Each structure stands twice: as structure tokens, then as C-alpha cells.
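According to TrEMBL, the feature signal peptide maps to 1-23. According to TrEMBL, the domain 'Plant heme peroxidase family profile' annotation covers 23-318. Marked as disulfide bond by TrEMBL: Cys33-Cys112, Cys66-Cys71, Cys118-Cys314, Cys196-Cys228. The site 'Transition state stabilizer' annotation in TrEMBL covers Arg60. Annotation source TrEMBL lists active site, proton acceptor at His64. The Ca(2+) 1 binding site annotation in TrEMBL covers Asp65, Val68, Gly70, Asp72, Ser74, Glu86. Here TrEMBL flags Pro159 as substrate binding site. Marked as heme b binding site by TrEMBL: His189. The feature Ca(2+) 2 binding site is assigned by TrEMBL to Thr190, Asp242, Asp249.
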Amino acid sequence: MASTIGMVLLMMIMVSLTSLASALSVNYYEHTCPQVESIVAGAVHKATMNDKTVPSALLRMHFHDCFVRGCDGSVLLKTKGKNKAEKDGPPNISLHAFYVIDNAKKALEAVCPGVVSCADILALAARDAVTLSGGPNWEVPKGRKDGIISKATETRQLPAPTFNISQLQQSFSQRGLSLQDLVALSGGHTLGFAHCSSFQNRIHKFSPKQAVDPSLNPSFASNLQSKCHIKNKVKNSGSPLDSTATYFDNAYYKLLLQGKSILSSDQALLTHPTTKALVSKYAHSQMEFERAFVKSMIKMSSITNGGKQIRLQCNLVR
Ligand code: HEM
Ligand SMILES: *[C@@H]1O[C@H](CO)[C@@H](O)[C@H](O)[C@H]1NC(C)=O
Ligand SMILES: *[C@@H]1O[C@H](CO)[C@@H](O)[C@H](O)[C@H]1NC(C)=O
């Protein structure tokens, strides 16, 4: 307990220090690499043409990057020797499309060698992923440095899909993010897919008395059960996170209000008056959702813990 409080205090100090230290700016590469935006957007666009799961993968990758050691590209590093990297940490399920970042980096090295950080490439790619999916566009502050450490064990710092509202609130506030940020950023679940293992807690053995989470719409729950039947368990089975999983819209919030959310952590947003009110607000207004999402994305993607270098290859430290 004492060590938990110590950790929380330490994290709070780190967050306040880094918000002083980080001087990100939207025109950071104006003179050193003016092509950066178009090159990253091109790489994301090209990959998405071939694989519709690329945008959701990039958005989630950026979230994982920022929640472990700040947005420093640590999620991109590969395991080297005995040091297992974040990539190979426990909740890496569905992390993919690393090649998109690597391709963008290669193209950038050809025109402005040693200039653009991998952390910035990922932040840009996440924005491009949202815009390409029909979501909002915004200017991404840049100037992150790449970290040199990536540890699989640290992925335990990521929020789990079984977290309740107080655990989610704690996880976000440790990183300087509010309940409003939590609700707006959970809207990232308008894109992509969850494997059965991520929501199995809701559809069988939910509690000693109930097999199924009673907050789920019953027919929706049986549909999830049939997709994840233990006996005919198909590898990689699961469910889209919302009904329009390649389109960035506010359907996620509408479905949540109908008992049709996928993760317990989504459902948890309805268990606190502040977050519940925000869910309703975003369900009723795509515009309010987009405005809040952009604001919170900029906040999340500005968590920097003082990276050290500009990598030459995104999966390797220099
Ligand atoms: C609030 C805490 C969060 C929890 C507990 C959480 C948990 C999860 C889980 C368990 C999955 C499914 C993984 C799988 O089964 O393959 C997932 C998918 C996803 N998450 Fe979250 N997430 C959270 C917040 C966020 C945030 C802040 C973003 C980005 C803004 C985000 C974006 C995504 C995306 C896009 C996917 C789909 C990935 C894909 O299809 O490849 N999540 N999340
Ligand atoms: C996730 O971790 C497993 C186990 O270490 C590893 O085999 C797999 O390649 C990792 N997935 C990704 C996308 O890196
Ligand atoms: C959330 O879970 C934690 C850990 O299991 C527990 O201590 C806490 O009371 C729970 N909070 C709510 C609001 O359910």
C-alpha cells in the first residue's frame, strides 16, 4: 500500500515535471523536414488501402505508447536479447501494423535523415488513422524524442478491460488525464476489434450468481456468447468494438447506452454520474464528441517523459 502511494506521488511529480519540460509544437519540423506530414499520411493511406484494420491498430498503438513511459516510441522497440520489450508484454493482443511506422520512417530517412522521431511518426499516424476513418482532423504537436527502454513487464501499467470506474480514473489521473479525457478517449473504441479473451468476463461466469453481465442487453449478450463459444473456439474470434468499426463516429456511445458495449471498462463509464453524463452528451452529438476527442488526444499524445534520441530505425535504439 505504501509503495502504491509512493508510486502515485512519483508519477504525479513526473507528470508535472514533464509538462514543464515538453515543448512540443505543431511546426517543429517546418525547416528540418517540411515533408513529414505528407510522408506519414501517405504511408498510412497506402497501408489502409490494403488492410482495413490498419487505422484501429495505429490508434491503439499510440495509446499504448503514451501510457507506458510517455509517448516515446517505446512500444515500437523489439525484444533484444534477454530484455523482453513492451511488444511482447501481456496485453499485446491485437497490436499490429508496426510495419506502417517502419515504412514511414524509411521514407523519412531518405529525405531528412536522423530528424524525425519515431514517437512523432506514431502520433501523426494515429491522427491520420482517425481522419482517414471519417473522423476529425487536427494539428499534431511534434518534437517528441525516442526513448531507449522498453520492458514487457511495464505493460502491466496499462488499464485492463476489467477495470471499474475508480481504477480507470486512477490510471488516467496518474497521467494527468481527467474523467472527461477518459470518456472522450474511450471513444477510440469506435474503431476496431476485441478478441473474446478481452470480454469473456462478461459472458460467462460473470459472478457466482450470474453467468452474464446483467448490464448487457440480453440478445446482444447471447450474440457475443455464440461468437465466443468455448467448444467451437475459433482462433482470433471476437467482436467489433462498435457497429461501424471502420468508421470513426459516435455509435460507440449510442450502443453503450443500449447495453451493447464490449468491454467492462466501457460499461464502467455509466457507473459514475460525471462520466455517464458525458457518454450521453457524446451519444447525442457527434460534434461534441469530436471536439472533446481532439482535445484529449492532444493531451494524451503530449505525455512525454524526456526521450533521449532520434532513432534511425523505429524498432531499434541507436
Ligand atoms: C480506458 C481504458 C482502455 C482499456 C481498458 C482498453 C482496452 C482495450 C482492449 C482490451 C481492446 C481489445 C484488444 C483485443 O482483444 O484485441 C482494445 C482495443 C482497442 N482500443 Fe482500447 N482500451 C482503453 C482505452 C483506449 C484508448 C484511450 C484508445 C485510443 C484513443 C483505445 C483504442 C483502441 C482501439 C482503436 C482498439 C482496437 C484495436 C484493433 O482493432 O486492432 N483504447 N482496447
Ligand atoms: C506478443 O507477444 C507474444 C509472446 O511473447 C509474441 O510471440 C508476439 O509476437 C507478440 N505480438 C506482437 C504483435 O508483437
Ligand atoms: C474497483 O475495484 C477495486 C479493486 O478491486 C476496489 O477496491 C474498488 O472498491 C472498486 N471500486 C468500485 C467503484 O467498484
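Cβ coordinates are placed from backbone N, Cα and C, and glycine is handled just like the others.
Whatever TrEMBL says is automated annotation, not expert-curated.
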How many Å separate the Cα atoms of Arg60 (site 'Transition state stabilizer') and the residue listed as 'heme b binding site'?
9
Could you list the residues of the same chain, at least six apart in sequence, whose Cβ is under 8 A from the Cβ of Asp242 (Ca(2+) 2 binding site)?
His189, Thr190, Leu191, Ala251, Tyr252, Leu255
Looking at the recorded positions listed here (Gly70, Cys196, Asp249), whose Cα lies nearest to that of Cys314 (disulfide bond)?
Gly70
Setting Thr190, Asp242, Asp249 aside, what same-chain residues sit with their Cβ within 8 Å of the center of the Cβ atoms that define the Ca(2+) 2 site, listed in sequence order?
Gly187, His189, Leu191, Leu241, Ser243, Thr244, Ala245, Tyr247, Phe248, Asn250, Ala251, Tyr252
If you measure from the CA of Asp65 (Ca(2+) 1 binding site) out to 10 Å, which recorded positions from the list Cys33, Cys71, Cys112, Cys118, Pro159 are inside that radius?
Cys71
To which of the disulfide-bonded residues Cys33, Cys71 does the lowest count of other Cβ atoms within 10 Å belong?
Cys33
Within a 10 Å radius of its Cβ, which of these disulfide-bonded residues (Cys112, Cys196) has the fewest neighbouring Cβ atoms?
Cys112
Which residues, sitting 6 or more apart from the residue listed as 'active site, proton acceptor' on the same chain, put a CB under 8 Å from its CB?
Val75, Glu86, Leu95, Thr155, Leu158
